[in-house]
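Listed features, source TrEMBL:
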| type | residues | note |
| --- | --- | --- |
| BINDING | 121, 184, 216, 247, 390 | UTP binding site |
| BINDING | 217 | substrate binding site |
């Protein structure tokens with residue numbers, strides 16, 4: 001009874017009553033959803049909804065940004081090691097025995113929708129017809145052949161990517177890589193006004209596809225544990241996982257970091273290593289490592305109070321950001337998962353459904369758990385280990401002659417005189433992969449490029465060369481065709497340039 005509670009207690013108890021009401025209403029709705037699950041999905045759905053209930057409970061209890069800005073300190077000197085120092089230790093003779101303790105895990109829950117593709121993002125062609133998944137398998141196969149080891153690949157799929165990924169995996173059945181998959185949870189989206197689930201039953205096809213979401217990659221700990229795969233890998237003698245986003249083409253297995261984990265110089269093993277790299281102006285939104293209440297802690301932009309956002313983005317105060325390449329001890333995940341002791345901040349992600357309904361989805365990020373692990377470490381790695389492909393602008397870079405491909409790994413061409421990547425901004429006519437591919441007869445020579453901006457209806461002929469700063473702008477209604485063999489160096493091209501077929 002709200003009015004009675006209010007008069008007796010003042011606001012804090014009143015909020016508590018409301019919170020209990022909300023939790024109760026949510027429980028009622030989730031029970032209704034669970035009742036629609038077919039018997040073969042019952043156990044699985046139950047686990048998902050239990051996990052969601054815990055997350056929702058925490059969401060109702062947390063107030064405001066989860067970081068007290070006054071407590072944020074710079075990490076102590078030795079808590080973020082330079083990669084050069086780790087590499088300088090060299091490698092032991094028995095690197096194979098170290099590799100045999102490793103499992104590579106790729107986060108494969110994302111769809112290619114932001115690039116106009118249907119299906120899993122990992123199946124988009126990146127280089128010479130190879131997809132993200134092909135390159136990953138080639139890298140691990142190369143490791144296993146070179147060192148005569150058995151490093152498996154584990155894919156964390158979502159309900160969006162699982163079916164398509166499994167179909168494609170059949171083509172690797174003869175490759176020298178064991179491939180396992182498990183699914184991250186499936187949680188119901190919440191109506192922003194009522195704070196109740198939008199879904200009415202368990203189905204997630206047809207009209208219901210928009211009712212469910214995969215709750216971010218922080219879900220890896222619970223899902224990996226629940227799948228039984230974690231225990232199986234521990235039983236096989238595996239000790240560490242190397243986790244990264246499947247669209248980060250720089251995230252290859254690094255033997256020096258692995259050796260540092262397995263043979264620590266001070267004898268004390270790290271349970272969690274986060275690869276960080278120096279910020280450039282393009283990375284101001286990336287999460288950063290700080291010292292907080294005597295622990296290393298990942299702080300994301302969403303957690304920063306509004307008044308401090310500019311300070312957070314400054315390249316001078318926070319010099320590094322998280323690449324999401326993480327090395328984590330399997331035994332530690334098991335221990336913390338069993339104690340329910342993995343603490344990750346909740347990210348509230350607002351969305352609008354096709355019909356205009358405003359919903360929120362509650363997510364967590366895998367790197368945020370760093371504070372729950374013992375003896376965590378940041379390693380400041382070269383920028384080359386962070387090569388994410390989020391847009392067709394990124395795709396242009398990795399398809400170009402800036403990189404050479406060897407055994408599934410991309411390396412910066414030795415012919416490039418400076419180690420930084422050019423800044424590329426392709427306009428909205430290039431957003432979708434198929435439009436982008438149609439507009440390039442061949443990928444231009446970009447070895448000497450610093451900056452490229454393209455806007456409007458622009459196409460590129462074969463063997464175009466771009467150098468320095470190139471800006472090409474076709475105004476509305478105009479079209480620019482860059483002719484085959486053109487060399488553009490420090491040029492601004494605008495107006496109308498049509499090349500007709502003769």
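Each residue, glycine too, has its Cβ placed from N, Cα and C.
Sequence features, as recorded in TrEMBL, placed on the structure.
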residue	record	Cβ neighbours (10 Å)
121	UTP binding site	24
184	UTP binding site	27
216	UTP binding site	23
217	substrate binding site	24
247	UTP binding site	23
390	UTP binding site	14
Rounded inter-Cα distance in Å - residue 121 (UTP binding site), the residue listed as 'substrate binding site': 15
Greatest inter-residue Cα distance in Å for the UTP-binding set 121, 184, 216, 247, 390: 21
C-alpha spacing of the residue listed as 'substrate binding site' relative to residue 390 (UTP binding site), in angstrom: 16
